[in-house]
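Chemist: Look at Swiss-Prot and you will find 179, 183, 184, 185 tagged as (6S)-5,6,7,8-tetrahydrofolate binding site. Per Swiss-Prot, site 'Plays an important role in substrate specificity' is recorded for 290. Marked as N6-(pyridoxal phosphate)lysine by Swiss-Prot: 291.
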């Protein structure tokens, strides 16, 4: 058994790496020398990427800064090992060390989130969602049909019975949050594979307030009768009552699947508790391991005992060989998240988002729902006469990295959009506090107030002379006061 990090009274090493900068510097300098000897362009781009990240206000809600411990864990010979299967049941010999790191990662995930079961193999959030979808289909559709046919395995079915099962698997219903309300492509939308798996319908938000309307969700569920009710979001700036979502799912006989990819760090950090913690209420919970959780890029599935056996068959159901080096990094990141300092970090993420929202409100900038109570602020840039694409580009000119995003009933569609999504996890990892985020709001408003559309184009814009330079200089002061990976020299 791995040691319980929650008993460790020391704080988590800062994500900026200050606690072991000399060691990390030596490791990266040596690594880059090796890379440079083989392909100098990659080494140069790696150095340039660090410089770019250090010199920009990163407000993309889905990005963060992993600790050097997490980053270094990914650069090992675990990358060389195939390990298809599950712990103790691999299709390859010699996987005992992979079994160890996968076991440690799963143990940390179970303890951190209070889940009966954790599956840490998915390579990404979409892989985690696909594993969850197919586990639900296997449990709710495939298993009963096999029993009806008197078969133990799909390979035992005749061609006719197999075709019957395939048709039934492909004829199920999913109800999820609409894209313009803040949902995600992987929640059953046509351009994504999930939209080709299910008959999908969407629920939205109250058109006047922008908040979830649980009565409307319940009405949609009663009418549509989905097999799967998906809760979770990528651009909704409020908390969700998952107890209510479970009540709705139970009423219509649906499986509640929660995608907490964006806010897993706030769950791990105990900012979201009770009805706002999805894990006790969902049948299946999916997440990424980066974003607010501050780990490596990857995915994870948590499940009740009912769904665990099907989720455990993620390979070969959806996945092939797991990325063993990334599973090892997940174990390190989850160990960090179990330490007390991560709870302080998560609370600061939420506090900083509130400060950012308040900074916009007092400067008369429009916000979807009028504010936030998670880590996301969704800025309605129509209040500046701009599209999301124009705003995103103008902000980038000034060294502020954001992403355009749809807002409810968006008149500019999903490409140009009318919103800009902002998130606080990354800059919080650098040490930014509430006063810093008020200043960030001021700088963003300064850029947008000095940006004008060019003609009728939804993409072209003109930024007033001197604005980009002035804002970039001001943001550089904030960044210098809160350095990224201080002491790390390349």
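Each residue, glycine too, has its Cβ placed from N, Cα and C.
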Chemist: Rank the recorded positions 184, 290, 291 by the number of other Cβ atoms within 10 Å of each Cβ, and give the residue at the low end.
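Modeler: Among the recorded positions 184, 290, 291, the sparsest Cβ neighbourhood within 10 Å belongs to 184.
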Chemist: Residues other than 179, 183, 184, 185 within 8 Å, Cβ to Cβ centroid, of the (6S)-5,6,7,8-tetrahydrofolate site?
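Modeler: Here the nearby residues are 176, 177, 178, 182, 186, 187, 189, 234.
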Chemist: For the C-alpha pair, I'd like the distance in angstrom between residue 179 ((6S)-5,6,7,8-tetrahydrofolate binding site) and residue 291 (N6-(pyridoxal phosphate)lysine), rounded off.
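Modeler: About 19 Å separate the Cα atoms of these two residues.
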Chemist: Tell me, how many other CB atoms lie within 10 A of the CB of residue 185 ((6S)-5,6,7,8-tetrahydrofolate binding site), whichever protein chain they belong to?
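Modeler: Taking every protein chain into account, the count is 17.
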Chemist: Provide, as an integer number of angstrom, the distance between the C-alpha atoms of residue 184 ((6S)-5,6,7,8-tetrahydrofolate binding site) and residue 290 (site 'Plays an important role in substrate specificity').
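Modeler: Computed Cα spacing between residue 184 ((6S)-5,6,7,8-tetrahydrofolate binding site) and residue 290 (site 'Plays an important role in substrate specificity') is 17 Å.
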Chemist: Taking the Cβ of residue 183 ((6S)-5,6,7,8-tetrahydrofolate binding site) as reference, which residues of that chain separated by at least 6 in sequence fall under 8 Å from it?
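Modeler: In sequence order, 176, 177, 189, 202, 230, 233, 234, 236 meet the Cβ cut-off.
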Chemist: Using DSSP reduced to three states, classify residue 291 (N6-(pyridoxal phosphate)lysine) as helix, strand or coil.
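Modeler: Note: residue 291 (N6-(pyridoxal phosphate)lysine) is helical by DSSP.
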Chemist: Between residue 185 ((6S)-5,6,7,8-tetrahydrofolate binding site) and the residue listed as 'N6-(pyridoxal phosphate)lysine', what C-alpha distance do you get in Å?
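Modeler: With the alpha carbons as reference points, the distance is 17 Å.
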Chemist: If H, G and I count as helix, E and B as strand, and all else as coil, what does DSSP give for residue 179 ((6S)-5,6,7,8-tetrahydrofolate binding site)?
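Modeler: SS state of residue 179 ((6S)-5,6,7,8-tetrahydrofolate binding site) = coil.
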